[in-house]
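*Asks:* Next up is a structure, given as structure tokens.
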């Protein structure tokens, strides 16, 4: 068919302009409705009775991720979660961990003997403690995600 088009129509577009346009339109039309059916199928998996309050924008984003994203067994949850955590400051995330870290620092300060460490040393210790708590929580949350998906991760 393509050979016929190029030999007879494409070389004579000035003689057959309407047939050339019709052929171009025919090439852009899908042969099947598989893509459309796949989209509706994924939509029905995303928007269930249990998740009926999702906004249109959220359903759209989830649909695009589901349809065009990598297969679930190829997705690296640790990397994605780490990027999400360190991307920008989130009030609830930072408040939660900083409050817990400050409680731990207060308890440690009450229990430790008085010494002549500089304030800068304590700040570095606080940062290291917060980093280790974040790493532990990242590991715990990614294990939860792996168990929900079905890929058991051994720490």
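Cβ coordinates are placed from backbone N, Cα and C, and glycine is handled just like the others.
Checked TrEMBL, it gives:
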| type | residues | note |
| --- | --- | --- |
| DOMAIN | 11-63 | domain 'HAT C-terminal dimerisation' |
| REGION | 104-126 | region 'Disordered' |
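Each of these features: where is it, how hidden is it, and who are its neighbours?
*Replies:* With helix defined as DSSP H, G or I and strand as E or B, the domain 'HAT C-terminal dimerisation' (11-63) counts 35 helix, 0 strand, 18 coil.
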*Asks:* Grab the pLDDT values for the domain 'HAT C-terminal dimerisation' (11-63) and give me their mean, rounded.
*Replies:* 84
